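Trainee: Before I ask anything, let me first share the structure, which is written out below as structure tokens.
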Amino acid sequence: MRKPRRLPLEQLAEYEWRMPWRVPRGCRLDERGLALVAGERTPKQGESGRAASGIERPAPIDWTALFGNDHPVEIEVGMGKGQFLVMAALQRPEVNFFGIEVVRKYQLYAATRCAIRQLRNVRTACADARWVLHFFVPGASVQAVHVYFPDPWWKARHQKRRLFTAEFVQDVARVLRPGGELRIATDVEEYFALMCETVQAGGAFETVQCGQDVTTPPEWQTNFEKKARARGSPIWRAVFRRRGADAESGVKSISESPPAP
């Protein structure tokens with residue numbers, strides 16, 4: 001794949017979303033990174049002495065303001081260099097795509113590819129996707145969430161870094177509209193089984209597709225998928241559909257979530 005030319009950061013600004021909120025002083029995040037708890041030190045003079053539970057929740061993303069239209073929104077978690085994101089945006093201009101990548105150089109790589117092609121229906125973010133989904137994405141506002149080839153983090157001491165947890169699945173269920181889809185893929189069969197088990201255990205999704213995949217067109221394959229297929233590894237793919245309203249699935253709405261932050 002040809003390396004895109006570098007563009008000034010100001011030219012990429014149109015294709016980026018940056019979190020407008022940071023952890024307040026005197027507080028810290030829990031181990032999952034999804035809740036504020038009181039910090040270990042005493043707040044300095046002039047800092048807020050409020051308990052973490054009293055901190056105001058950050059404002060959610062306004063999709064219409066971000067994209068300039070009210071088209072449906074799809075999110076890719078861990079977009080990497082943006083192969084899937086760019087192809088999807090080119091093929092489906094009537095859909096807005098929001099890509100999240102925790103590694104800055106890859107996020108800039110993807111944003112550059114979008115800027116070169118002048119893809120007005122793409123925005124990217126350099127952030128922890130768990131944070132973005134939990135704190136910033138409005139409930140029932142997304143029609144699909146794509147998660148392709150997440151890191152399985154096999155070592156015991158690293159397992160807390162795994163993306164697919166019950167909390168992550170609950171956040172995906174909250175942001176998806178009824179009938180919206182969670183689409184996943186991996187070349188690690190054991191992790192695929194674990195992801196499917198985690199999704200199905202929550203009760204918010206019905207399984208549409210689940211098994212080995214051999215049909216992905218090359219132009220839609222992520223960099224990880226191309227590498228996996230080149231070495232002969234099978235690809236495992238699943239599609240889950242959001243069952244319905246929050247009250248039916250037991251998933252908390254944003255207004256019912258704990259007040260912190």
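Glycine too: its Cβ is placed from the backbone N, Cα and C atoms.
Curation does not apply to TrEMBL; its annotations are automatic.
What TrEMBL records for E76, E101, D128, D151 is S-adenosyl-L-methionine binding site. Positions annotated as substrate binding site by TrEMBL: K155, D187, T222, N223, F224, E225.
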Trainee: Could you tell me which of these binding-site residues, E76, E101, D128, E225, has the fewest other Cβ atoms within 10 Å of its Cβ?
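Mentor: Candidates: the binding-site residues E76, E101, D128, E225. Fewest Cβ atoms within 10 Å: D128.
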Trainee: For D151 (S-adenosyl-L-methionine binding site), which residues of its chain lie six or more apart in sequence with Cβ-Cβ distance below 8 Å?
Mentor: R161, R162, L163
Trainee: Count the Cβ atoms, other than its own, that fall within 10 Å of the Cβ of T222 (substrate binding site), considering every protein chain shown.
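Mentor: Total other Cβ atoms inside 10 Å, all chains included: 23.
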Trainee: Using the residues the record lists for S-adenosyl-L-methionine (E76, E101, D128, D151), what whole-number Å value is the largest Cα to Cα distance?
Mentor: 15
Trainee: Show, in sequence order, which residues other than E76, E101, D128, D151 on the same chain lie with their Cβ within 8 Å of the centre of the Cβ atoms of the S-adenosyl-L-methionine site.
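Mentor: Counting only non-site residues, the set is V77, G78, M79, G80, I100, V102, V103, A129, P150, L163.
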Trainee: Rounded to the nearest angstrom, how far is the Cα of E225 (substrate binding site) from the Cα of E76 (S-adenosyl-L-methionine binding site)?
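Mentor: Their Cα atoms are separated by 15 Å.
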Trainee: Would you count the other C-beta atoms found within 10 angstroms of the C-beta of D187 (substrate binding site) for me?
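Mentor: Result for D187 (substrate binding site): 18 neighbouring Cβ atoms inside 10 Å.
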Trainee: On a C-alpha basis, identify the one among D187, T222, E225 that is nearest to D128 (S-adenosyl-L-methionine binding site); the candidates are the binding-site residues.
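Mentor: Of all the candidates listed, T222 is nearest in space.
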Trainee: Validating a neighbour-count step here. Other CB atoms within 10 A of the CB of N223 (substrate binding site): how many?
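Mentor: Summing over all protein chains shown, N223 (substrate binding site) has 16 other Cβ atoms within 10 Å.
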Trainee: Roughly how many Å separate the Cα of D187 (substrate binding site) from that of E101 (S-adenosyl-L-methionine binding site), to the nearest whole number?
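Mentor: Counting only the Cα atoms, the answer is 20 Å.
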